[in-house]
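*Asks:* Swiss-Prot feature annotations, pasted as is:
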type    : residues                                               : note
BINDING : Thr131, Pro183, Gly231, Val232, Met233, Asn234, Gln235 : ATP binding site
BINDING : His154, Cys169, His172, Cys175                         : Zn(2+) binding site
Amino acid sequence: MLLGAIEAGGTKFVCATGAENGQVSDRISIPTTTPVETMTAVDDYFTTHPVDAIGIGSFGPIGVNPHDPKYGYITTTPKPGWGDFDFLGHLKSQFNIPLYWTTDVNEAAYGESMIGIAKDVPNSIYMTIGTGVGAGVISQNHIFNGRTHTELGHMRLNRLPGDDFKSNCPYHDICLEGLAAGPAVGKRTGKAGKDIPVDDPVWPIITDYIAQACVNLTVAFAPDKIILNGGVMNQRQLFPMIREKFAAYLNGYEEVPPLDDYIVPAGLGNNSGIAGGLLLAQAALKNA
């Protein structure tokens, strides 16, 4: 049995084949240009690398409710040309195999939950903080969706005194993505993340907002583990700062696991999404 995975990002698509244990046997990276160009390359890949099922995680917003007429679509994305694109419908027209459709962060969350750092617990949250902020919630080893998928990067926070930075989010003045995602860090400092010193005064601000978000996730979902990934979180010195501020904000109200095991980096690194896609392909095949 050979399984397929698609990690569809706003900059690039990663397509891969692999096994039911999430191990990748082959992969390719495709630039995200137009739907016609990018999807033609996706079709070509899986035509020359035939698989039994494909797990797809896409940038969004997307339609994830099977009862929604827009199920399978990329909906209101600002990505030029991709708004109202029937992603799942296109793949169904090309491949007569089981398909699993979800968000890119849900895909990564599932990978970490099944074979990554959260494999020993049933409830976890995976949050990526990079170009944007997105999060996937795993509840009792299943992906959590409500009316639609979560948009936890846009949770409202308390602005720090003296922080007069204009939010980078066009919709919200004090959301996590607007204040602490990679572009916000860049605008605050005028530097690329890799060029910002570990002792730069921006990091206490960024870690405070991430800690606030982790408290919100804790009281809302009661996870066993919060996994932080993405370009901003490549700065490993941020984790102790986040844990310290998290403990201060939670203030002993709720018992949580030891913080070194509770707020953690991804176990699969940049492979979380593709591994999750392979595992979701396996689930789609079993449910077919």
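Including glycine, each Cβ sits where the backbone N, Cα and C put it.
Help me understand the surroundings of these features in the structure.
*Replies:* A simple way to gauge crowding: the CB of Thr131 (ATP binding site) has 17 other CB atoms within 10 angstroms, across all the protein chains here. The secondary structure of Thr131 (ATP binding site), as reduced to three states from DSSP, is coil rather than helix or strand.
DSSP assigns His154 (Zn(2+) binding site) to a helix. Using a 10 Å radius centred on the Cβ of His154 (Zn(2+) binding site) and all shown protein chains, the other Cβ atoms total 16.
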*Asks:* What are the other residues, in sequence order, whose C-beta lies within 8 angstroms of the center of the C-beta atoms of His154, Cys169, His172, Cys175 at the Zn(2+) site?
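*Replies:* Other same-chain residues with Cβ inside the cutoff are Gly153, Met155, Arg156, Ser167, Tyr171, Asp173, Ile174, Leu176, Glu177, Gly178.
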*Asks:* Whole-number Å only: compute the distance from the Cα of His154 (Zn(2+) binding site) to the Cα of Thr131 (ATP binding site).
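*Replies:* Here the two Cα atoms are 13 Å apart.
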*Asks:* For Cys175 (Zn(2+) binding site), name the DSSP secondary structure in the helix/strand/coil scheme.
*Replies:* strand
*Asks:* Out of Asn234, Gln235, which of the binding-site residues has the smallest number of neighbouring Cβ atoms within 10 Å?
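*Replies:* Result for the binding-site residues Asn234, Gln235: minimum number of other Cβ atoms within 10 Å at Asn234.
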